[in-house]
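Listed in TrEMBL:
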- 41-169: domain 'Alcohol dehydrogenase-like N-terminal' (DOMAIN)
- 212-336: domain 'Alcohol dehydrogenase-like C-terminal' (DOMAIN)
Amino acid sequence: MDHKQESNKTAGNPIRCRAAVARKAGEPLVIEEVIVAPPRAHEVRIKIICTSLCYSDITLWKRNDPGFFPIILGHEAVGVVESVGTSVDEVTEGDIVIPQYLAECKKCSVCTSNKSNLCMKFPFEISTWTHRDKTSRFTDLEGKTLHHFLYISAFSEYTVVDITHLTKLDVSIPPNRACLLSCGVSTGVGAAWRAANVEASSTVAIFGLGVIGLAVAEGARLRGAKKIIGVDVNPEKFEIGKTFGITDFVDSRNCQDKSISEVINEMTDGGADYCFECVGLTNLMHEAFSCCRKGWGKTIVLGVEKSDQELSLNSLVILHTGKTLMGSLFGGLKPKTDIPILAESYIQKMQELQLDKFVTHEMKLEDVNKAFDLLLEGKCLRCVIWMDN
């Protein structure tokens, strides 16, 4: 059965399907049947083809925040449009789409400019509801509400997503590669390309060599950076990082009597042109800012592990050094505009963007807890989870 035939049978009706539900913080996800309501105005119901596990899923899964649970996690995905609500004209049944947590309405003053990707009409927040009416499209079989995650909830065979959070994909890219463009890889590459605008022959320092950090390296490599320094607690990450352009490595646990920033300042003769903090720890943000070059050095914060911590900087240092410190959601990319460009870079340019090398494991939905274990143990980069048995 093709996707449009399937849609004709289900459009306008609730769908009963499987989902991996996080019932309590830190406890294994439960595979159970859920009910997914039809899309409302400006919404699209999609059938998830595959999804990949991002560390941001684990960050929230570990947080015992009131009102978050039960929740359907997952936000890196690719799917096919099953049905659309009213006022949707960007996609139609059968289209392949990539959901993303950052909205692009294409109408507000930000979305129509090239200065930022932070949509004013639909600003990002850690929400457990749909974006417009702050309700849920998920219930369990007892009729109890299940929460959304980052407007996507990809650990469900079907989900409902606002059209502002969907990018139509026209190029033929394998789904187990396309899903990577939904968050992590796009964020890292985008940070190098858009937020930092890394230049050829420049020096780059990357704090944290998870997928986002390695994707920053990939973006910097593609931009022609001459020295790309990776910083991590795990020396094995250097060998992995070489694939994506890492030229030098600093073991942050073995800097002798020096700070990380002192080591990097010596390696770069005064500091890196661009520094990226990809963990979400204020001490690393300080170190990154301390080793970016005076005059024009730029530090970009991408990490989310403890992103609610206070960051304190000496005002005289800011005044006297001329450095820039900035945060960047989704690497500064405009999802609907830039995700297709990344897909083209993979498909049309002899796999210029090395998506294949980010995928280390693939498994089925019922094995989702194994994927969590692998990521927590540092044994994988991206684990792709296929939804269809």
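Cβ coordinates come from backbone N, Cα and C, glycine included.
DSSP states for the domain 'Alcohol dehydrogenase-like C-terminal' (212-336), grouped as helix (H, G, I), strand (E, B) and coil, give 47 helix, 24 strand, 54 coil. Applying DSSP to the domain 'Alcohol dehydrogenase-like N-terminal' (41-169) sorts its residues as follows: 11 helix, 39 strand, 79 coil.
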